[in-house]
Every structure is written in C-alpha cells, then in structure tokens.
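Take a look at the structure set out below.
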C-alpha cells in the first residue's frame, strides 16, 4: 500500500490545509520589517473574535505549555494560594507548573472522563476563599471532556476575587469562547489543534481585570512576561523573535475561518462529534465521556473485551488512519480520535469505516457498516445550507 | 463546511502526493544542464518496467493526446490503411486523429461499456488484411472498460503485418503492461492519471518492429517526430524544451512505485476496483461494465430511476467528494469514480459513504451503510502482508 499516505486523526497536531502550507512557504521576511509588523498587529486583532475577547490576543513563540506557564507566572508569586481543577493530564500539567513555583496549591481532582460541575467547584472553593488564581481546562485533551468553563468562571467570581485562567489549547477555534463576557480572565491556546497550524505559536487573551494582577505580580519572569508582549504589541511587534512562517500561516487560517464563519465552524465541529459518537455507539463501543461532557474536538473510546485499544491503533495505522492512545492511567485503555481544524464530516465516515475494518480484522464482534450507517444518518439530515 | 477541502476521485487528473508536489517545487534547472540530462536518461530507463518495455521510454511535453497523435503520424501516411477499435470516447479520439490525416480508416465500433473481444477483432481484421497500424485503447476512460490488449495484439499479429498501438493513458502505472512481450508496438500514456502527476508530460514506449515502420514513414511531422526524441535521448536530452518540474515530480513518483513494488501497486488497484464494485452493487446501483471488463482504475455507474447521475455528482461535490460525469451519449446517464494513483482502500470507503449519504439526501431508496459494509468485507480479508 501507499506507505506515506495517512489520515492524521489525532487530537493535535492536526492536518495543515494546503493553502496554509503554501502561505507558510512565502519568502521569509525580517521580523522587524513593516510586513511583519502589519501581520502581528492584524493577527492580534483578528484572533480576538476567535478567543471571544475585546483585547488584542498576545502571540508567543512556544508550545501551548509556554502559555500555560505564562498564565501562572504572570498572575501568582511564591506563597500565593492557587486552585487548579484537574480533569485529566492537562489539568495535571497546570498543577505541575504551579508546583514548580512554590505557590500554595489547592487541587480539585475530578475522575478522568467527567467534567467538573459548578456544584463541585462551589463546594471546593468554599474552603479556599483567598485563592488568587483558579486554573481550568476547557477541553481536556486526554479524555475528550469539555468542561463548562463559562459556568465554572461564574462560580469563581461568586466565591472568590481570583482570576480565572483557562487552558483552551485543544478546542479554541472549534468551540465558542468568551473572555470578558464569560468572566474568564486569561484564555490561552496553541497553534497545532483547531487552529490548523504546526506547533510553535501560543496565544493568550487577557482581560482588563487580569492585567491589574499581572502588573502587580512580583514573580520573576522574562521570556514569558505578558507585559513585554503587550508593550511590544503597542508598537506592532513582539518582544522576542516571532515564528514568522507560522504568522504567514495564521493569516491564511483566519481567512479560512472568516470565510466559513465562526458559527458554521463550531457547527461543523459539533456535527463531527455527533457522527463519531453515533458511529462508536452503534458498533457497541464504550465512550469515555457522557454526551453532556463531550468535546466537539476529541473523542475517547474504551478498548473492548476481546481487543485492546493499542492493537486497534496499530491496525488502523496499517490501514492509513492515525489515532491517539490514552495517557497516564488511561494508557492502553482508550483510543482517542481528534476531529478538529481541517477535518470534515467525510473524514468522520472514513475514520469509522477504518475502525470497522480494523476491528473485524482483530476478530472483534462488530457488524461492519453499522457504525457508518449511524454516523451517515447524522449527516443525511443536515440542511443543504449548512453543508 | 470547509469549501476548499475535497477528495478528487475523478479518472484523472488524480491527486498529487505531497512528496511529489514537494519534488516539483525544487529550484528550476536549465533543460540543457547536466542535472536535467541525468533526469531524462534515468527516467526513460526507470519507466521501462512500468510500460513493460525493453527500450527506454520517450518523454514528450504534451497531453496524452499529443502521444496518441504521435503514434499515428509516426506510423502512417496519406492513403495508408489503418484500423481503430472504438470502445468509447478515447477510441473515438484515435479515430478523429486518423481522420485528420487522410488515411483510409477502418473502424470497429463496440457498444460503450463492453470490451472488444479477440473474436470480434479477428472477424473484423479478416476484411482488412493490409492495415498498417491497429489502434487499441487499454483502459477506456469514458466507460471504465479494460480491453484485453494482450489478446487483441496477438490477433493483430496473426491476421496482419500491422503495428499495434495502444492508448494506455488512464491505466499505465495501475495495471500490468507489456510492449515486446505482449506483441504491442507502441504504448503511449500521460502523466495525470495513475502516474500521479499534473498533466503535461506524455510517454511513448516503442518496439524495435515499430521503429522500422517509423523510420520508413514519409508523413510530415516535426514536434511529434519520435525519431527526434530517440536521437536526443541518445544524448540524454529532449529535442524540445522538456517539462522540467514534471520530471522532478516523475522521479519521486518512480521512487514511490519502486518502494511499493509494481505488483503491489497493481494489487492495490484491483482491490480498489473490487471494493467500489462491491459497494455499488450492495446499494443496488447498476455498473456499466461486467466484472470481466472492469478496469482497476475507473468505474462507471448508471444513474437510478429516482435520481440522476448529475444530481448525485452535485450532491457529492457539496459533501466534499468529486466524481466525473459521463461523456458523449453517456452524459447524464452515468457517473465515474477514478481509483488510481495516489488512492488507497480507505479512499474507496470514503467515496462509498459519501455516495450513500448523497443518495439518501436525494431521497433514493438506498440502505445507508450497506455499500460500505460490502466494500469493507473486501478489505477485511486482505492479508496483513498486503496492507
């Protein structure tokens, strides 16, 4: 078979659209050149609706984790009290970052595969009214849970004076978001998920309330100091060398999102989620999360009695489809299908047919075509205007 | 939805593999540069197994039709007698070329959708023992018929002293071929089908017997004069400016074919054909051709009672899949699915699911998932070594 042909259906990095790849191949420009300044200024503004913020979005050269750490070191210092809601491996990442800072860490652990409810957060924060920052994960990549961050941010406002920091890495661009309107203070993300770019560009949307705490925060920081980014942005530049090719690509990504329309983009992601879930259910496979908690961008599915998630992943790879395995204690227990960014309903049907074939090849008791049929039904009834 | 994302499943041009696209983006070189000479010499030799010939393959800058016309003008002149077997639009193309040359044209018309049998050709050639060249189509793109050119070439040898010219445009690279071993004298093809390149490069494999007739043929010709190409090739060059970027790409195409292996490449094409046919049949759709005549590279399917092939094509386009319609009197009657070149079994499943969804959206009485299931069965039982 064609060894180099495959469908990348993992929860990031995601496929790069050809027109974005082409844009990234534009001739290099200097990062202090007026062409680059125009890009930095325009992109910061054009990202604002995607993040649901009224302020320009800051652009950092770094992985998503750089923005997570930036949110921590800009809002907290040694001996401050911070709360983190851990619903999976990336909430845990936030906790690890905070542990490295010698802050007093209050940790709310939720079983993996479940979202944190407003009631749980309310009960938890009652014990810690003096926390300065509360860290939430919007989409927990490791489980496919979408936490109700709007409701959770409201709880933070009611119970404390803390800032709400949200990790939006694996969903921003695929789901609605709000900073000021949702009571979120810092929303960070990365380039390699629903934003359809290679990794290397990180984003931070910051509320006015957050800026006050950032200004006053004495924690030592240099590369990740949000103030430097804001000050440079006022001169249409970045404090350190920006990822110029990724900025070329981001311009094209924003063209694509604006052409499709944000609401239509979100609807496409919900449809893909519904197709995958219908398909997996019809095959008798167990989904890790309830419908209520299911992210439009990634779905985790449990292995079966007679087949392991790992064996399935290997067989799918052979057929030309790449999915992800589980992380930490879910390693070997689940497989994860990414459905964000440059993905469409036919990609979901391809993934489901591949899973049907792979399971049959592993001798699993599935009915070929049954999952496909269920997923097709979701697509058949979409109005033509929405295609 | 993502307006610029689509699967190109027409019978050519076919999708360009990313590594071929990258190869074509290499910095341009002069066409009399030693780098280009090395390419011309290497590619002519490396193409030989793909065409099943012992001679180097000639490289022409032109569409497939340029090579069809070259085969005619190099082997026939005014008032010569020529035979053409017409099984569809591209056999008809050969006839049109011959008509432009004032040769005496003997035409064997076979109903579209059916191959020419050795018996039919024997009976036909009995009447015309003095034809100088017989023109055959290997895969008839307009119907998806694969003519038994090996058997037909044997008939030509038995009945006449004519050369056998074969149009292999829409199948070479996806099916076995033989020049000397099959008794074929000229086998021509183009770049934009199973050879996974953009259009613009045409090929001719020529037997020693054909060279004798070519040398002696007085027909006026310049750009399409095979002798010029052979003479230039002896100096590792081309008589006229070659398509340098396409040569860069062809080098990578041949790397891919050699990595996969020719036999494995052919097996993949047969599997794709069998999957599409099983899928269409399970949906109750009527195939234009019998199994015996079915090409591994393209399949034609008739429209239904309650839906037109044209409406289906439009709906598929909306869903992100592009198929082709019918040509000449089959326009509106059929749709055609290309399955050659950079295509794999999962692409077939994608196409079938899309057809199921599109037919259901058109209100056609199909059972979603039924076609997919049948096609999956073909793939489920492929041995792991062959994946």
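Glycine too: its Cβ is placed from the backbone N, Cα and C atoms.
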Candidate ranges A:11-33, A:34-56; TrEMBL annotation region 'Disordered' resolves to A:11-33
Neighbourhood of residue A:336 (substrate binding site) by C-beta distance under 8 A, where only residues 6 or more apart in the same chain count = A:10, A:11, A:141, A:142, A:144, A:298, A:299, A:300, A:301, A:323, A:324, A:325, A:326
Those residues of the chain, 6+ apart, with a Cβ under 8 Å from that of residue A:193 (N6-(pyridoxal phosphate)lysine) | A:11, A:12, A:13, A:14, A:169, A:170, A:171, A:172, A:173, A:174, A:297, A:338, A:340, A:341
Average pLDDT across the domain 'Aminotransferase class V' (A:35-328)?
-> 97
Of the residues in the region 'Disordered' (A:11-33), how many are helix, strand and coil by DSSP?
-> 7 helix, 0 strand, 16 coil
